[in-house]
Each structure stands twice: as structure tokens, then as C-alpha cells.
Amino acid sequence: MKQVKRLQPRHPIQARNGLLGGDKPMVCIPLVGKDHEGIIAEAKNVPSIAPDIIELRIDAWDFVEDVTASAEMIKEVRAVVGETPVILTCRGDWEGGFKKVSDEAKFGIYEAAVKEGLVDFIDVELIYGEEKIKKVLETLEGTQTSLIVSFHDFKKTPARDELVSILKQQIAAGAQVAKLAAMPQKEEDVLNVLSATLEVRRQFPCIPIITMSMGPTGAVTRLVGGLFGSDLTFAVGSQSSAPGQIPVAELRQCFSVIHPTHTEA
């Protein structure tokens, strides 16, 4: 049987030893430790788990309002994980974040980490608007860090046309990677996420896209989303950051069938 090649972006993003938008979706694990000991313990597990990329969820940190301490923590994590690409995320509490974090701390930490060349992607929610997103993009000029513009709904899944509109708004705002995650209330919601991903991938073939339907009902999107144009899937490392994430080993086993080029690490 002829292997169907997945829909890849024309302009994948090289991030250290990883490629977002390559012939297989990247497998990402979240690091959600709260204190120095927990964060470093999770980071030390990264080599044995061997994800393609990690997400550093600094909104989980007990000391996140301390920009200097947080920047030093990121530097320590980078030293531990080596050349594994890093997404730096301070998720807003209104979109599923662990706690409320001031914008001053959030963007101060982002700026410090980017300036030091410690992270490969930063995540900014679409709700901040085009003006703020453009300002963030200006701080990334001349760096090796790319901008993910994201949207999360942990209660429901917007209608299909709205899902398409959200992804298009992210791209119009300047997203170098567009990301969308929504909670299904029925099976059709899962199909709508996959269908919206496919439509936007075909209309905007250049940049990487990350989409998923959350929870047990949406778990299938974490397995097959790559066939519809999604370029990254989140898996469980030491801990999960969202409902429906699948353990890395199980995900890789499924990928060996869905994406035969995705070999065991």
C-alpha cells in the first residue's frame, strides 16, 4: 500500500536538533514542576523520555513573579536538557493556566529568556490582540526564537467556522506558529477540529499549525492530527498539563504505524 504523505508546511522551523513541520509531528512533553527541586527533577527525566521538544510551563512556578529568579531557572533547565528545543509558556489563567501571573512578569521573563537565547518558541495568547503581538514579534527580530499565537477553550469547542476564523486571526496577527486547543462536548466537535485544521493547512500552507481536541473524546486528534496538518502533539512526561494527553511511549507506538518514519528514540 502506498504511504500517504502528511500535509507539511512549506516553511518548517528548525529549532536546535528538532524540526517543527517535518515529515512527522513533534512529540512535546510539558514540564510543570512548581519549585526548583521539582522543575530540575522533571528536566533530568527529559533525556530518558527523549521527546522531540519540551514545553516549560512557568505559570506553574511558585516564584514566577520574580523575573530574575525565573530567568535563572530557565538557564538551569537549558543546561540540563541540552539541545532539546524548548517552548516557553506562561499560560493565562483565563485559558487554563495554573495561576494568575502578571503581564509584567510574564513578558519580562519572555524577554530575558529570548535575549539569552535559551528558548526556541514563546507562546502568547491571541486575546492579547494584534498590537501586543506585533510588539512581541519586534523583540524576536534577529533571534532564533519563534512566536506561537494560541487559543484554548477548556469548556467547549467553537463551531467549525469559528475554529477556522481563530486560526486565520492568529496568522493575520503575525503568528509564526498557530495553535488551537478546545474541549469537545460531542464527537462532532472532534471532527470539526480536524476539519478546520485541514482547511487552514490548505489555505495557509507555509507556517506550522498545532491543533488538538482535549479530553478522552479528543485524544484521537493527538494521534492522527498530523495527517490533517497539525505539526505537534503533547504527551505525558512526568506529569500532564491538559486532559487527554497520552504517555510518550504509547504515542510513539501509535506513530510507528501512522507515521512509519517516526522511529523510537
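Each residue, glycine too, has its Cβ placed from N, Cα and C.
The shown structure was predicted, so the numbers you read here are calculated from the model rather than taken from an experiment.
Annotated active site, proton donor/acceptor per TrEMBL: His152, in sequence order. Counting every protein chain shown, the Cβ of His152 (active site, proton donor/acceptor) has 22 other Cβ atoms within 10 Å. Classification of His152 (active site, proton donor/acceptor) by DSSP places it within a strand.
Residues or ranges marked as active site, schiff-base intermediate with substrate by TrEMBL: Lys179. According to its DSSP assignment, Lys179 (active site, schiff-base intermediate with substrate) is in a strand. Neighbour list (Lys179 (active site, schiff-base intermediate with substrate), Cβ cut-off 8 Å, at least 6 residues apart, same chain): Asp123, Ile148, Val149, Ser150, Phe151, Gln170, Ile209, Ile210, Thr211.
Glu55 (3-dehydroquinate binding site) is surrounded by 24 other CB atoms, counting those within 10 A of its CB over all protein chains shown. The DSSP secondary structure for Glu55 (3-dehydroquinate binding site) is strand. Sequence annotations record features per position, and here TrEMBL assigns 3-dehydroquinate binding site to Glu55, Leu56, Arg57, Arg91, Arg222, Ser241, Gln245.
Note: the CA-CA distance between His152 (active site, proton donor/acceptor) and Arg57 (3-dehydroquinate binding site) rounds to 15 Å. Long-range Cβ contacts of Gln245 (3-dehydroquinate binding site) within its own chain (separation 6+, distance under 8 Å): Pro30, Arg222, Phe234, Ala235, Val236.
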